[in-house]
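Asks: Structure incoming, see below.
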Amino acid sequence: MPQEEVHDTSSVSDDNLTNTGGGGSNYYNSHNQPNVFVRAIRSIFGYRKTSLTLFVILTIIFTIALSLYDNNLDLTIELPTNKLENEILKSSWLDLQNIARYPHTYGSRANDRVHDYLESRIHDIIKENPYTEYNNDGEKVLYESAKSIVSYYESNNLLVRINGSDASLPALLLSAHYDSVPSSFGVTDDGMGIASLLGVLRFFAQNEQPRRTVIFNFNNDEEFGLYGAQAFVSHPWFKQIGFFLNLEGTGAGGKAILFRGTDYGIVKYFNKVRYPYATSIFQQGFNNHLIHSETDYKVYKEAGLRGLDLAFYKPRDIYHTAEDNIKNINLKSLWHMLSNSIDFANFVSNQKINDSGKDEFAVYTSFLGYFFSSPISALVTINSVLIVLFPILSGPLLFITVRYKKWKIGTSNFLSLPLAIVLTVAIVMIVVNQGFQIANPFLPSSHPLLLVATTTSISLLIYYVFLNGVNWVSPSGDQKLITIIEISFIYWLILIYVTHGLSQNKIGDDHTGEFPFTVLFFLEATASLFGLIGWTFSRSIKQSSNDGSDEPLLTGTAERYGSDDTDEDEQEEFRHHDGNTVKHLMQHFGYDWSLQYLLIVPISSLIIFNSGWLVLDGINKSIQESFAAENLIYLLIQLFSQFWILPILPFVYKLNRFIVFGLTIFAISGVALISFLDPFNQENPLKLRFIQKVDLNKSQDSFVEVYGRKGIFSDILSDMPSVKETHTKVECEALSDGLEACSYKSALAPNVIPGKSLKDYVNVEIVNSSKIESYGLLSGEIIITAPENRMCTLYFTKKKVKAVVIYNKSKSVNNFKSIPDGFSRDSKGNYIYKDVAGIDQLVLNKLDWNKNYHIGFDWLPNIDDEVNTLSVDVECYWADLAPGIGGGDNATNAELAIPAYNELVHYSPNWVTWANREKGLVSVSLKIEV
């Protein structure tokens, strides 16, 4: 049905519309009135303000209810009733409780305890199984982990292989990491992944032998370099693997989502899981580096495997904090990941996976338990057809309508929507960026939907006032259809951009998350075609006015039923328009508005809301990480609200006065709440990052350094008892991108090595200093002693070294020229890495708590150097909050290990959580000249 200026006669009295020429009597008399059922249908589906208001309210309820249901863990996941699965879940839950008893980072004794626990559990599960085998991966690797950064890692991954009946099939890898960060119990990251692996292992151990070999990698030290996965790449078992499923946690509970997949050929099999939950919107975010954290998926993909990344993704404000504990998760979260892992692994391990789609990115999503996926080539084809087809169909129809049906479209009618969009976007940008963002910048962390709802209300009011104003001054025959056509054109342009991007899709410029625009364009364009077809097959306005016909349509549009609460306004609008135009239009457009509304608004609203909510819910907490993230989130809030409004814009003229009043009240209330609500609370805390540093070049004094967003946490530090008692000043320094580092000299020295003075935490012995070799190279050799330590980093700040050596036992190393580029190992077992472009950082990770680091390096002095020495900054990290955990003679009170950290955790407000800044909670550094 055309816009309100077209006017369905259900809102106009009989004598206004159908007076006969002579006697002025009504066309219908009381004896010709339709029955109650027909009246009700006309009242509901007639183009009246009350009818539209009902539709809008139902649409909002439908959109929010379905989206909440689809994303709700408790409503969509059923706990198992099968006996075996129930036992597996109970066992995995107990495993999770044991794994997450203490923080268990790579640099902690609790990490060893978790390793030993897993080893014991694996042996219990696979014992007496003839086709399974266990291997404790002891690989040592030395490799370039980033540009000019070389990493050494000693692995203690736990590997299990379930040999398949068909050795010709490439194996399936299931992987998760068992280390946590120092500040977290690691329940979600990645305890649930490990517990799920144990559950899947038990499933296979108690069922028939699979066709395909399945390998489990319970890997270590993922958090600070993906080291466990990288070490496994060098293991002999890795060569037989073709596919993988990586289990991860970058949030803290909720539903496990399919983050990304290597290709369509493997992603499509996610439809075999019982509770699919997925969207390639997150894949696009990862591939375009909007999400900065990485998972082991990266290592496996770069090694040539095909697979999936299944992970928990929210909330990120308790991710890597002590709040990632067993109290804050749901048994159903574990079952969601575990059951989907069982289903996927069971299917892939017993089916032959072909190469179809292995070279194509996948576009995918899920809704209400159904999984949909497509190769991008198919989506490009569909989009291309739509881009070409709809102009071909709509162009002639529009020409016929304007040329022969006398549909007059004035300049003001044509420009009203573009001008309204420009005006609304401009006002909203000012309100949001200069108002909300300045008044309460971190509110998206706790109330993102309040910002979206308020912004949407303000935008709708602006559209309502502007578009109705233009329509009053310059009425159109069918402004609704004009608006639908113009929105279709907007989507058409967006679809061209999306299709071009998909046709050249690549990492760094990924468009796989933009698939919703295909559906949005199809719905809007189809509705525009219906409207144009209605005009095309109607009589022209001129014909209608000349034939003298007073006959109403069989639909009975001349009747008027329903409440009068809005009809007076509509009658006034009728009096404002030409009578013949109104009469003609109402005859030919009785109830098509409802068809157009139902075609466009409910589905479009649901797609936009659900997609927008998933994105916001996934990244809103990252507002605490940088100013760039803050700007991105506020931009997304505005885009979310503007796109959510688009489907309703063709009908905005008909909004009921009560809904307009409600929007006004809501907008005012929203602005007030945004101004006064606290951005952080116990459920949505502020996350701060901690490290305690000792620089032995200056003194044995320790300094607490805390990192967070600028200007919001210095008062918390100043309120610490030790700070107030010693009258210590908290000093803050602005960092880039809206961050701030605050520090203070701590009276609470670290005690991670009981009985040791801080000066004994790091000692460096220079074994060989500036020994001149051939080709003008200099070489040096040092031994680093760091008790109870697993992690150190060497920084070559002034000169890059050309080669590094991790000595095994012998000092004998081949001549520099004979050493191959990259990694090598000499006959004495020494690990060597050579890079003539230069190495400026060497990262060391070892398993033996008290073994020294024995390091050698070669460098080339600068021509203008007066002294041929190399400056080396040695920094070692300790991460153990409870060194006594795991046994040994070093048991101590956990509260005494890092008392400065414990003080902050204990005395901070309940709306603050704490995470580690570096790989440890304590670092001790020493600078030497070699």
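Any Cβ shown, glycine's included, is placed from N, Cα and C.
Bear in mind that the values here come from a model prediction, so they are computed numbers and not experimental data.
Relevant sequence annotations retrieved from Swiss-Prot are reproduced here:
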TOPO_DOM  1-49  topological domain 'Cytoplasmic'
REGION    1-28  region 'Disordered'
TRANSMEM  50-70  transmembrane segment
TOPO_DOM  71-379  topological domain 'Vacuolar'
CARBOHYD  Asn163  N-linked glycosylation site
BINDING   His177, Asp189, Glu248  Zn(2+) 1 binding site
ACT_SITE  Glu222  active site, proton acceptor
CARBOHYD  Asn354  N-linked glycosylation site
TRANSMEM  380-400  transmembrane segment
TOPO_DOM  401-411  topological domain 'Cytoplasmic'
TRANSMEM  412-432  transmembrane segment
TOPO_DOM  433-449  topological domain 'Vacuolar'
TRANSMEM  450-470  transmembrane segment
TOPO_DOM  471-480  topological domain 'Cytoplasmic'
TRANSMEM  481-501  transmembrane segment
TOPO_DOM  502-514  topological domain 'Vacuolar'
TRANSMEM  515-535  transmembrane segment
TOPO_DOM  536-598  topological domain 'Cytoplasmic'
REGION    542-570  region 'Disordered'
TRANSMEM  599-619  transmembrane segment
TOPO_DOM  620-631  topological domain 'Vacuolar'
CARBOHYD  Asn620  N-linked glycosylation site
TRANSMEM  632-652  transmembrane segment
TOPO_DOM  653-657  topological domain 'Cytoplasmic'
TRANSMEM  658-678  transmembrane segment
TOPO_DOM  679-930  topological domain 'Vacuolar'
CARBOHYD  Asn697  N-linked glycosylation site
CARBOHYD  Asn768  N-linked glycosylation site
CARBOHYD  Asn808  N-linked glycosylation site
CARBOHYD  Asn890  N-linked glycosylation site
Asks: List the other residues in this chain whose Cβ sits within 8 Å of the Cβ centroid of the Zn(2+) 1 site residues His177, Asp189, Glu248, in sequence order.
Replies: Ala176, Gly186, Asp190, Gly193, Glu222, Glu223, Leu247, Gly249, Thr250, Thr295, Asp296, Ala311
Asks: If I take the alpha carbons of Asp189 (Zn(2+) 1 binding site) and the residue listed as 'active site, proton acceptor', what is the distance between them in whole Å?
Replies: 10
Asks: What does DSSP call Asp189 (Zn(2+) 1 binding site) in the simple three-state scheme?
Replies: helix
Asks: Sequence gap of 6 or more, C-beta under 8 Å: which same-chain residues meet both conditions with respect to Asn808 (N-linked glycosylation site)?
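Replies: Looking at Cβ-Cβ distances below 8 Å from Asn808 (N-linked glycosylation site), excluding near sequence neighbours, one finds Lys828, Gly829, Asn830, Tyr831.
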Asks: Using a 10 Å radius around each Cβ and all protein chains in view, which of these glycosylation sites has the most neighbours: Asn163, Asn354, Asn620, Asn768?
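Replies: That would be Asn620, with the most Cβ atoms nearby.
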Asks: Give the one range among 481-501, 515-535, 599-619, 632-652 whose Cβ atoms make the most pairs under 8 Å with those of the transmembrane segment (450-470).
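Replies: Most Cβ pairs under 8 Å with the transmembrane segment (450-470) come from 632-652.
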Asks: Quick check: do the transmembrane segment (50-70) and the transmembrane segment (412-432) share at least 3 Cβ pairs under 8 Å, counting only pairs 6+ apart in sequence?
Replies: no
Asks: Out of 380-400, 412-432, 481-501, 515-535, 599-619, which stretch touches the transmembrane segment (632-652) the most, going by CB pairs under 8 Å?
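Replies: Answer is 599-619, with the largest number of Cβ pairs below 8 Å.
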Asks: Under a three-state reduction of DSSP output, how is Asn620 (N-linked glycosylation site) classified: helix, strand, or coil?
Replies: helix
Asks: Around Glu248 (Zn(2+) 1 binding site), which residues of its chain at least 6 apart sit with Cβ under 8 Å of its Cβ?
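Replies: Those within reach of Glu248 (Zn(2+) 1 binding site), by Cβ under 8 Å and sequence separation of 6 or more, are Ala176, His177, Asp189, Asp190, Gly193, Phe259, Thr295, Asp296, Tyr297, Asp309, Leu310, Ala311, Phe312.
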Asks: Taking only the recorded positions Asn163, Glu222, Asn354, Asn620, Asn697, which one has a CA atom nearest to the CA atom of Asn768 (N-linked glycosylation site)?
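Replies: Closest recorded candidate to Asn768 (N-linked glycosylation site) by Cα: Asn697.
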Asks: Specify the nearest of the recorded positions Asn163, Glu222, Asn354, Asn697 to Asn620 (N-linked glycosylation site), where nearness means the distance between Cα atoms.
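Replies: Closest recorded candidate to Asn620 (N-linked glycosylation site) by Cα: Glu222.
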Asks: Measuring Cα to Cα, tell me the gap between Asn163 (N-linked glycosylation site) and Glu222 (active site, proton acceptor) in whole angstrom.
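Replies: Cα-Cα distance, Asn163 (N-linked glycosylation site) to Glu222 (active site, proton acceptor): 26 Å.
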Asks: Counting only residues 6+ away from its ends, which parts of the chain sit with a Cβ under 8 Å from the transmembrane segment (380-400)?
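Replies: Cβ under 8 Å, 6 or more out: 485, 488, 492, 495-496, 498-499, 502-503, 518, 521-522, 525, 528-529, 532-533, 535-536.
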Asks: Rounded to the nearest Å, what's the C-alpha distance separating Asn697 (N-linked glycosylation site) and Glu222 (active site, proton acceptor)? Just drop the number here, would you?
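Replies: Asn697 (N-linked glycosylation site) to Glu222 (active site, proton acceptor), Cα-Cα distance: 31 Å.
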Asks: Give me the CA-CA distance between Asn354 (N-linked glycosylation site) and the residue listed as 'active site, proton acceptor', in Å, as a whole number.
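Replies: Pair distance, Cα basis, whole Å: 31 Å.
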Asks: Can you check what DSSP calls Asn354 (N-linked glycosylation site), collapsed to helix, strand or coil?
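Replies: Where Asn354 (N-linked glycosylation site) sits, the three-state DSSP reduction gives coil.
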Asks: Just counting, how many other CB atoms are there within 10 A of the CB of Asp189 (Zn(2+) 1 binding site)?
Replies: 27
